[in-house]
Amino acid sequence: MSMIPITAEHSPTTTIVDRLSGIPLFEQQLEAVVGGDSLSKSSAPGSSQKSESALEFVTWDGPDDPQNPKNWSYAYKWWVTLVVCIICLDVTFASSAPTSALHAVAHEMHVSTETANLVTTMFLIGYVVGPPIWGPGSELLGRKYVSLIALGIYAIFQVGQARAQNIGTLLVTRFLGGLFACAPLTNAGGIIADMWDPVGRGHALAIFTASVFIGPVLGPVIGGYITTSNLGWRWIFWVLMICAGACTVFGFAFLPETYAPTLLAQKARRLRKLDPVANNGLLAESETKIWTPREILRLTILRPFTMMFVEPILALITIYISLVYGIVYSLFEAYPLIFIGKRGLTIPQNGLMFIGIGIGAVLSVFVTWFFSRSYPQLIKEWRGFPPPEKRLPMGMIAGPMLVIGTLWLGWTGNYASIPWYVPALGTIFVGMSAILIFISFLSYILDSYITYAASAFAANTMIRSGVAAAFPLFTTQMFNGMGINWASTLIAGISLLLAPVPFIFYKYGPRIRAGSSFAPCTDLIIAKELAAEREERKAGEVYKEA
């Protein structure tokens, strides 16, 4: 057991206790942990209670402590990553599953198609509202229970959607479903950062990002077949409930807690319970913090907004990813026009066209692994902390690829004389390019804000989901008004304007990160050390020659 003693003379933790002693809430919390007389200034010298100076912080039992998620076996890390991906695939599948049923919903509930489109939009608005709660909340209470309790509540709301008798009920329950469904999606990046080193992190994030895109691909495929079957569109939501319930049980069984402060707090409580007398002064660092309602509000709701406003690197990346996300969602709206309107495919057959995005997702994983081959050497050169900008070359390639894929889909899809498989092949480029951009920049965020990864992901998820929620409201009209070819050209033009962004970040990213309040920028410190060592070697060589 490794513990850091708190001495009265020089330990920084003594400063924490001294500074917080006298604050009633802190004294109540500490009293509950270490005993009622621990903070008493008038305790007798021979008292059996431990004083402030006897308090100790619990840490890991050395660098190889098996309880530390960083030290879990390679196989177990991949198992946990797979569990996270399965859960995230389920909640992203729910975002698009009803899209094939929107015309049936509009007909049964006597509303316009535009109103029925809100079924998708309201779910994504829930994705906007939820991340500021779930991301920082996991940094207060731990990743596992915040994610899985929210997932269980999301499963319950599927009943309301399946039983809805009017559009208002359906839209409200869709919003609440999205609000709770985004919890595991928001915290997935934090879970990956908790376990993986920079080498494995890129591979794990590639698999995770692919699963996040495969979910919306499966939605129209499965939803289309359910809608046109004897079951009817309501069974889409019953299937979603069954899947969410199964994933909740699966998660409670196989998803461990990964957040280090939560694990250390659990360790401290376990040790105090094991020997209340000898260990009554043991604390985890997180147990010394004051959780007032104002502080909880600051760390949950406000922290992602704060990071978005004070962190230019996060704000710029979020804008870029959000626009790419919106572009992909706008192209999704073109599918029925291209494959049903122009070529007469059925709703289930139109859903199968989304498989091209899934193929692109799988290919993007292999591309990511190819680009990650040099990372072990980079880890060695940069003493464990390579610059986040080394994640960006994939985004440099993917930007122009998105332009090509968009033009391919739009111009070949506009003409019914061109076989269906030609525009379908273009969707592979759209899917692969979009996912490579996501992997590249989400890895960049993860490497930049390791400690605050969940909050950074919450801010990113919130903004990009808002953009995705807005695009379906006008893109169908845009494709009908401008034509599939010219609307796609407009989207490709926007993609072309965004294509230089990875190159700009590659050159100026370190300078922007240097002013960050949340990013540790360890690589910048190491860069100065390496430069100083090179200068010393150079000076030594000059001295020898002289």
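Cβ atoms are placed via backbone N, Cα and C, with glycine included.
TrEMBL labels come from automatic prediction, so no person has curated them.
As recorded in TrEMBL:
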- 76-95: transmembrane segment (TRANSMEM)
- 76-511: domain 'Major facilitator superfamily (MFS) profile' (DOMAIN)
- 115-133: transmembrane segment (TRANSMEM)
- 175-193: transmembrane segment (TRANSMEM)
- 205-226: transmembrane segment (TRANSMEM)
- 232-255: transmembrane segment (TRANSMEM)
- 313-332: transmembrane segment (TRANSMEM)
- 352-371: transmembrane segment (TRANSMEM)
- 392-412: transmembrane segment (TRANSMEM)
- 418-442: transmembrane segment (TRANSMEM)
- 486-506: transmembrane segment (TRANSMEM)
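Taking residue pairs at least 6 apart in sequence, the transmembrane segment (486-506) and the transmembrane segment (76-95) share fewer than three C-beta contacts under 8 angstroms. Same-chain residues lying 6 or more positions outside the transmembrane segment (392-412) and placing a CB less than 8 Å from one of its CB atoms are 324, 327, 331, 334, 338, 367-368, 371, 418, 422-423, 425-434, 436-437, 439-441, 444, 484-489, 491-492, 495-496, 498-503, 505-506, 509.
Counting Cβ pairs closer than 8 Å and at least 6 residues apart in sequence, the transmembrane segment (352-371) and the transmembrane segment (115-133) reach fewer than three and form no contact. Against the transmembrane segment (205-226), the recorded stretches 115-133, 175-193, 232-255, 313-332, 418-442 differ in Cβ pairs under 8 Å, and the greatest number is found for 418-442. Remote same-chain partners of the transmembrane segment (313-332), defined as residues 6 or more beyond its termini with a Cβ less than 8 Å from a stretch Cβ, comprise 96, 99, 216, 307, 354, 402, 406, 409, 427, 430, 434, 437-438, 441-442, 444-445, 448-449, 456, 459-460, 463-464, 466-468, 470-472, 475, 478, 488, 491, 494-495, 498, 501, 505, 509, 512-513, 516, 519. Taken together, the residues of the domain 'Major facilitator superfamily (MFS) profile' (76-511) have an average pLDDT of 88.
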